[in-house]
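K.L.:
Below, the features straight out of TrEMBL:
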- 1-15: compositional bias 'Basic and acidic residues' (COMPBIAS)
- 1-21: region 'Disordered' (REGION)
- 87-109: transmembrane segment (TRANSMEM)
- 129-146: transmembrane segment (TRANSMEM)
- 153-172: transmembrane segment (TRANSMEM)
- 178-199: transmembrane segment (TRANSMEM)
- 206-229: transmembrane segment (TRANSMEM)
- 235-255: transmembrane segment (TRANSMEM)
- 314-338: transmembrane segment (TRANSMEM)
- 358-376: transmembrane segment (TRANSMEM)
- 397-418: transmembrane segment (TRANSMEM)
- 424-448: transmembrane segment (TRANSMEM)
- 460-482: transmembrane segment (TRANSMEM)
- 488-510: transmembrane segment (TRANSMEM)
Amino acid sequence: MSDVEKRVNEKHEGGSDIEEEIDLANFHEKRAGRLVVDPEEAKVEFGEAFTSRLKLSRDGTKILWPQPTDSPHDPLNWSDRKKAMHLLIITLAAIVPDFDSGIGIAAIFALAKQYNTDTDTINNMTSNWSIFLLGWGGIAAVWLIRRYGRLPVLFWSQIFALGFLIGCTFAPNLKTFTAFFGTAPQVTGLYVVTDLFPFHLQARKLNVWTMGFIISPFLSPFAFGFLVARTTWRWAYGIGSIYGAIVCALIILFMDETMYDRHVKPIPEPMANGSLRYRIETLVGITGIKMAKYRISWFETISSPFQVVWRPHLLGILLFEGILFGFGIGINVTNAVFLGSPPPRGFGWTEFAVAGGYGTPIVAVLLGELIGRYNNDFIQNWSIKRNRGVFYAESRLWACYLAMVLYICGFVLLGGALQNRLSPGAIIMGWGIAETAIMINTVAVYAYCNDCFPKHQGEISALINLARTLGGFSVAYFQVPWAEKHGALQTFGCEAAIVAGLFILIVPWLQLRGASLRERFSM
């Protein structure tokens, strides 16, 4: 039992006044990974007097965590329409990094011809290197976000990403081309979701945001593969730049700062001004600089990811997710080579056929979002009911079991289809099943880690982002040579076996030991 709950019980038993001792805005952080959600259970644990102060969902069945303040400037109190707009924009922004990187896949053969080199060299320079850099960019973004807010970091990252992509569009040679790459942090979304939505809605909203960056590397090969087949590859990068410009415009016109310093008393509310000058200053970071005095120091900011990453209940799941997602990145980068290269190396598909093939993972991710939307809600509600009104973070990991079954089936089928030159239907089914599994598993991992570390959403998002990029950027270097030497079935079968082994070692252990690990190591 936490010190806070002891004080609550003292209030319940002895009637002492704890109004000033307990801060409802941050009460949910005291026992990370364990939340009393049912109001009736709260009466048992905390007493009726304390429970009467808690705000509930509209239907009255769930306690809102975090507890909203009474201020209209609290993002938790924004209208549903405004929240939906922010979720849409942050999802569109999350598409940008991998979407930009994936343009190189669509243009791989055209770039190789333009610069008189081979497809492996283009893959390594345009896709693999940019994937590697995306992960490290997220860590740097967290440092800035913790000090200056969500909005200015999101705005400037998109501006710089747009500038680099325009540079790719007009690159005169391969050296210049590879020096300019689009990168933007994919950590802001988890912050925004937890800023806007209470606990019981977060998994569903994370499903939407996660879908954005998982589907993004397939959108550009699918859309621009047809384009590059008919015209120059520069048009692909040009249209990608137009998309980046649209995202920047949406951020400028509709996004507000969602960071609300509820840990500070009294809570500072610069947004109460509401003037055009305030909006401009918030967008470019001036307001964030002024607000930095209320926030943690630079030392705490920079050291925070390193203080979080070694926690055993986080480190294990990062390793599992990084390898699982990483092999999926490898499929995306190398399938263009497998499918487009002439026999015996590949299938000899036309550029139109390869582009059409990338519609497979798009449909698969959308299907994964649909499955995850209902599956996560079912697991959450079942867990709360099973534990008599209390939710435990480890229940999120039940979704990983479904994901692993699909993952193994998808990888083995895809490997067999590539090796034995099976029909396009077999390739599509294997690829699609694998990507559906990745979508389901990734949402579960984000939700679990967020529940375990409610004060460190940015660090969690950045570390998961880093894990998946470190796990995936190098796969394309060895996946094609391995498959050519020993067959694609061995390649993809071994990758599935590695992930299955990590799953067996990590996920059941976290479900059994997670509560004690959280009690000892959570921050």
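Glycine is no exception: its Cβ is also placed from the backbone N, Cα and C atoms.
Keep in mind that what you see is a predicted model, and the values were worked out from it rather than measured.
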K.L.:
With Cβ-Cβ distances below 8 Å as the criterion, list the same-chain residues six or more beyond the ends of the transmembrane segment (358-376) that contact it, or say none.
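P.N.:
Residues 203-204, 207-208, 211, 214-215, 218-219, 221-222, 225, 332, 335, 396, 399, 402, 427-428, 431-440, 443-444, 447 contact the transmembrane segment (358-376) from elsewhere in the chain.
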K.L.:
Apart from its near flanks, which chain residues at least 6 from the ends of the transmembrane segment (235-255) lie with a Cβ under 8 angstroms of it?
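P.N.:
Answer is 85-86, 89, 92-93, 95-96, 99-100, 103, 106-107, 151, 154-155, 158-159, 161-162, 165-166, 168-169, 182, 220, 223-224, 227-228, 283.
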K.L.:
If we skip the immediate neighbours and take only residues 6+ beyond the ends of the transmembrane segment (424-448), which ones have a Cβ under 8 Å from one of its Cβ atoms?
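P.N.:
Residues 190, 202-203, 206-207, 210-211, 214, 218, 317, 320-321, 324-325, 328, 331, 335, 339, 357, 360-361, 363-365, 367-369, 371-372, 375-376, 393-394, 396-400, 402-407, 409-418, 460-461, 464, 468 contact the transmembrane segment (424-448) from elsewhere in the chain.
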K.L.:
If I count Cβ-Cβ pairs under 8 A between the transmembrane segment (397-418) and each of 314-338, 460-482, 488-510, which range comes out on top?
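P.N.:
That would be 488-510.
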K.L.:
Go through the chain and flag residues at least 6 beyond the ends of the transmembrane segment (460-482) whose CB is under 8 A from any CB in it; none is fine as an answer.
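P.N.:
Beyond its ends, the transmembrane segment (460-482) has Cβ neighbours at 120, 123-124, 127-129, 131-132, 134-136, 138-139, 141-142, 185-191, 305, 308-309, 314, 318-319, 321-330, 333-334, 337-338, 442, 445-446, 449-450, 453, 490-491.
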